[in-house]
């Protein structure tokens with residue numbers, strides 16, 4: 001059996017049994033190494049060698065958590081939440097409440113999508129924006145599984161179809177380049193997003209299904225410090241609001257300039273400190289709260305990097321892709337389906353759709369040409385196979401990001417309330433729409 005398939009299946013089974021994700025990743029990595037014939041020592045060494053790859057992201061999450069706590073202390077998030085609650089209180093009818101609910105969802109989609117291209121900060125905004133809005137979600141009785149689906153949609157769909165920001169990297173720098181390198185020299189940049197429109201429609205279908213069918217019923221959460229918006233008026237320090245705005249601008253500007261979430265969050269935090277929002281003696285407590293809020297996400301990222309390192313070391317990814325080409329026969333529809341399913345397994349094993357393309361394109365492009373798939377169909381196959389698994393993977397930042405914000409009060413479970421809903425609503429439609437694209441383009 002292929003070690004990647006075994007490892008991914010073991011990881012998913014353990015995670016679904018509510019075993020801690022870090023434990024599930026570590027154990028399944030060891031299982032994969034042993035299945036591949038590696039010694040226990042070599043497997044552990046490969047796992048440990050990969051841990052450093054997740055350290056940067058883990059520290060980024062810790063700093064973002066600290067920055068989020070600092071923002072909440074300024075009162076700017078209370079101001080934002082109260083403005084929404086004020087609108088809600090003035091409109092008690094069911095129709096008005098429903099309208100406001102959909103307005104909030106649309107706003108979240110737009111903000112999340114803009115984080116991929118307009119202001120390319122990726123998931124950095126989630127731990128900052130979402131925790132203060134938990135009170136609004138509770139007031140509107142929004143199911144957080146729906147919010148997770150909305151956020152994941154906004155994180156993935158833009159890079160699949162829009163060639164700007166992270167989409168420019170995915171579609172042009174990685175997908176187009178690897179298509180050229182593996183035999184599709186005549187494909188031009190304008191064809192790539194066009195070919196990905198139908199798979200992108202699958203993402204839209206999944207989002208609409210989540211909003212109007214799966215999670216349309218109201219859901220109530222326990223009252224906590226984060227889910228209760230205090231409606232009693234108290235004076236808001238205007239200077240603190242100004243400092244908060246400057247801190248957010250500073251964090252964003254520094255991150256875009258340096259390319260580092262760590263330095264960006266640090267710059268924003270220092271603005272809050274020098275601006276008087278946080279006293280010097282409180283900095284330790286604020287940092288501790290921020291790290292506590294983001295610690296589990298950070299450790300999952302570190303363990304995921306180790307897991308990916310073992311998967312690459314086993315050689316199982318290449319073997320899995322190559323075995324596909326020898327087992328299909330002449331069945332074109334089956335070939336398209338199996339290519340997508342293998343892409344799903346590889347992306348869930350590696351944890352990054354961006355890293356999956358070079359692995360898949362090496363075999364998929366010649367295989368697609370041999371089966372007579374058109375260049376547009378080949379683009380759709382490779383692009384969709386890579387994007388598959390980004391949603392619904394326990395170790396993907398497209399699921400860890402939403403959980404980091406929604407679980408700020410401990411009422412949102414990563415596997416059953418982010419991973420499983422996004423897997424069902426996005427991976428299944430992506431397979432269906434990706435397969436249709438391969439057949440009709």
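Just so you know, glycine gets a Cβ as well, placed from its N, Cα and C.
Here's what Swiss-Prot has on this protein:
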TRANSMEM  21-41  transmembrane segment
TRANSMEM  51-71  transmembrane segment
TRANSMEM  94-114  transmembrane segment
TRANSMEM  118-138  transmembrane segment
TRANSMEM  150-170  transmembrane segment
TRANSMEM  195-215  transmembrane segment
TRANSMEM  239-259  transmembrane segment
TRANSMEM  260-280  transmembrane segment
TRANSMEM  291-311  transmembrane segment
TRANSMEM  334-354  transmembrane segment
TRANSMEM  363-383  transmembrane segment
TRANSMEM  419-439  transmembrane segment
| Contact between the transmembrane segment (51-71) and the transmembrane segment (195-215) (3 or more Cβ pairs under 8 Å, separation 6+) | no
| query | Does the transmembrane segment (363-383) reach the transmembrane segment (118-138), going by 3 or more CB pairs under 8 Å (6 or more apart in sequence)? | reply | no
| request: Would you kindly list the residues that approach the transmembrane segment (260-280) from elsewhere in its chain, counting only those six or more residues past its ends and only Cβ-Cβ distances under 8 Å? | output: 56, 59-60, 63-64, 66-67, 70-71, 73-74, 121, 124, 239-240, 243-244, 246-248, 250-254, 286
| Looking at the transmembrane segment (195-215) and the transmembrane segment (419-439), are there 3+ C-beta pairs under 8 A, with each pair at least 6 apart in sequence? | yes
| So which residues does the transmembrane segment (291-311) touch in its own chain, when a touch means Cβ under 8 Å and the partner is 6 or more beyond its ends? | 3-4, 7, 11, 21-22, 25-26, 28-30, 32-33, 43, 46-55, 57-59, 61-62, 64-66, 68-69, 127, 131, 317, 349-352, 355, 394-395, 397, 400, 403-404, 408, 414
| said: Ranking 150-170, 239-259, 334-354, 419-439 by the number of C-beta pairs under 8 Å to the transmembrane segment (94-114), which range is first? | reply: 150-170
| field | Leading stretch by Cβ pairs under 8 Å, where the reference is the transmembrane segment (419-439) and the options are 118-138, 150-170, 239-259, 334-354 | value | 334-354
| said: Should anything in the same chain at least six residues away from the transmembrane segment (334-354) have a Cβ under 8 Å from its Cβ atoms, list it; otherwise answer none. | reply: 4-5, 7-8, 12, 156, 169-170, 174, 304-305, 307-308, 311-312, 317, 320-321, 324, 327-328, 360, 364, 367-368, 371, 373, 381, 384-390, 392-393, 395-396, 427, 430-431, 434-435, 438-439
